[in-house]
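Only one structure is covered here, and it is reproduced in the block below.
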Amino acid sequence: MEKKQFKAESKRLLDIVINSIYTNREIFLRELISNASDAIDKIYYKTLSDSSLIFNKGDYFIKLIPNMEERTLTIRDTGIGMTEAELEENLGVIAKSGSLQFKNENELKDGYDIIGQFGVGFYSAFLVADHVKVITKAFGGDKAFVWESDGVDGYTISEGEKDSFGTDIVLHLKENTEDENFDEYLNEYKLRSLIKKYSDFIRYPIKLDAKKSRLKEGSEDEYEEYIEEEIINSMVPLWRKNKKELTDEDYNNFYFEKRFGFDKPLKHIHISVDGMISYNSIMFIPENTPYDYYTKEYKKGLELYSNGVLIMEKCEELLPDYFGFVKGIVDSQDLSLNISRELLQHDRQLKRIAKNIKNKIKNELESMIKNDREAYEKFYKSFGRQLKYGVYDDFGANKDDLKDLIMFYSSKEKKMVTLNEYIERMPEDQKYIYYASGESNDRIEKMPQTEMVLDKGYEILYFTEDIDEFAIKMLQSYKEKEFKSVSAGDLGIENKEEETKANEENKDLFTGIKEALSGKVKEVKASSRLKKYPVCLSAEGELSIEMEKILNSMPNNEGVKSEKVLEINTGHEVFNSLKNAYSSDKDKFNLYVNLLYNQALLMEGLSIEDPTEFANDICKLMK
Ligand code: ADP
Ligand code: MG
């Protein structure tokens with residue numbers, strides 16, 4: 001028998017296929033099953049156009065036959081088969097559809113190292129097999145042919161025996177190595193799990209002989225093993241079914257089967273798009289944060305299918321980071337099966353799908369705010385931080401998509417509110433959206449700086465997470481209203497006249513205080529915003545006191561300092577004592593100034609420089 005050489009190009013290509021396209025060996029099964037399914041499809045289409053033929057569904061199936069003794073795995077189909085010429089063309093010339101050329105072009109242009117879609121799937125058989133035998137008989141033909149190859153050095157074609165049309169692909173598995181156990185592809189459970197993982201939604205039944213045991217007839221405790229043929233795949237994917245026929249439970253089961261999470265999803269989004277690009281998708285909004293969600297370990301992405309066959313378990317490109325919590329699948333017949341990760345990143349179809357999906361998620365979340373507030377609040381507890389990061393990330397590039405989705409705790413409502421809700425009930429004379437930063441709602445409630453804003457009847461948003469103020473700085477304003485920290489120098493509601501007057505009256509005293517604090521504050525001034533409290537700190541400039549705390553709590557911090565202003569309540573009793581001390585007793589004055597300054601630091605949640613001195617100062621006061 002003459003051994004034919006693969007065409008030169010093919011040889012190279014085969015090498016590439018075997019060694020570099022597929023990092024994951026197990027996909028060989030997906031490829032061969034997909035080919036088998038295509039072969040059955042071809043008969044099906046034939047019967048559609050030829051009324052003398054009938055497609056009897058029961059006759060068409062794919063079967064996996066592992067053989068331990070021979071160490072072979074056979075993939076059998078009852079599809080259209082191949083003639084001798086087709087064998088030669090389809091399996092002898094790799095990527096005859098011009099893919100090598102395609103690959104070369106792309107490699108030159110973009111440095112892709114991988115081929116897209118064109119006719120290489122079959123050769124993935126050599127990822128696990130050292131010898132492949134294809135026994136095939138074409139539909140309507142009378143002779144069977146056998147194609148055999150050990151891989152790179154060529155193939156033979158000869159006449160063979162086969163009863164009915166269709167194809168058997170017989171893989172002789174490679175020898176096991178230290179790292180790799182090829183025997184596992186003979187294992188019933190492994191095969192089952194691979195079918196479930198990659199080929200669950202192939203339209204035709206994929207059968208496997210399952211070993212089972214049963215009570216022997218007539219016996220009460222003796223068992224016998226027997227073989228039963230089982231269909232492993234579920235055939236019709238959930239996302240191809242009609243939404244109207246599906247219940248919440250169907251979706252929840254799917255979420256669970258797919259191991260998207262152990263929680264019950266808060267919402268599912270089921271879309272079928274037909275148009276320039278067609279796809280189906282089912283997505284879920286989970287309730288709980290995965291334990292690794294806010295770590296580097298977490299990988300976002302949706303499962304990507306091409307016509308029901310899994311291409312990729314986590315296609316990152318389909319989700320923006322800020323919606324990284326969404327779980328689900330996308331299936332499109334417009335994507336090719338063995339498209340590589342690198343190629344996908346540039347795929348225009350995929351980009352279009354991703355954009356579409358992003359909008360769907362956004363709309364769904366917005367409608368939850370209106371129509372299912374309870375669910376949204378649960379969701380926000382788990383993933384609100386992610387949304388706020390999203391506002392901040394990429395220099396605010398996505399803030400417009402997210403600004404309606406973020407919420408903060410409100411002094412007025414005592415619950416989470418959206419920015420839109422805040423704006424809608426704002427009194428007409430209110431200039432800013434006020435917020436206060438602090439460790440917790442309780443702490444913020446006690447902040448001296450909130451007094452005046454609250455007295456005015458204005459609502460304050462409480463910022464208790466690190467990211468909050470950074471995100472809002474990125475947002476700058478919402479519906480043309482700027483954000484204003486209650487600790488900022490100028491709240492826009494102070495009694496300016498009163499303040500100016502007090503500042504002038506106490507000019508010397510304030511200079512004295514500033515000197516006594518030797519550079520710790522940038523300014524000392526009278527404040528009309530204080531009622532109960534004698535002093536507070538505010539910040540001038542871009543960096544707030546809260547941001548200073550956050551930045552300095554990071555490793556490698558550069559010890560940034562906000563520009564602090566010591567604000568003094570000139571209407572407070574303590575102020576009189578201070579004034580008296582200033583004119584009569586310098587030591588006492590210094591003592592009072594330090595005490596008040598440290599008090600202000602403590603109320604801000606900042607640490608005082610010298611706690612021992614502070615304690616001693618208090619003792620002095622009590623003597
Ligand atoms: P692709 O599936 O992308 O065309 P493959 O390398 O997987 O590329 O297969 C090459 C060709 O071999 C197929 O297009 C098909 O014509 C033929 N072929 C492969 N497997 C079978 C099969 N089980 N039955 C009939 N034809 C097959
Ligand atoms: Mg194929």
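Glycine residues also receive a Cβ, built from the backbone N, Cα and C atoms like all the rest.
Features reported for this protein in TrEMBL:
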REGION    1-341  region 'A'
BINDING   GLU31, ASN35, ASP77, MET82, ASN90, 96-98, 117-122, THR167, ARG341  ATP binding site
REGION    550-623  region 'C'
CB contacts for ASN90 (ATP binding site) [other CB atoms within 10 A, all chains]: 17
Of ASP77, ASN90, GLY121, THR167, binding-site residues neighbouring ligand 2, Cβ under 6 A: GLY121
Cβ atoms near GLU31 (ATP binding site) (within 10 Å, other residues, all chains): 23
Sparsest Cβ surroundings (other CB atoms within 10 Å) among the binding-site residues ASP77, GLY121, THR167: GLY121
Arithmetic mean of per-residue pLDDT over the region 'A' (1-341): 85
Structural state census, the region 'C' (550-623) (DSSP three-state): 45 helix, 6 strand, 23 coil
Three-class DSSP secondary structure - ASN90 (ATP binding site): helix
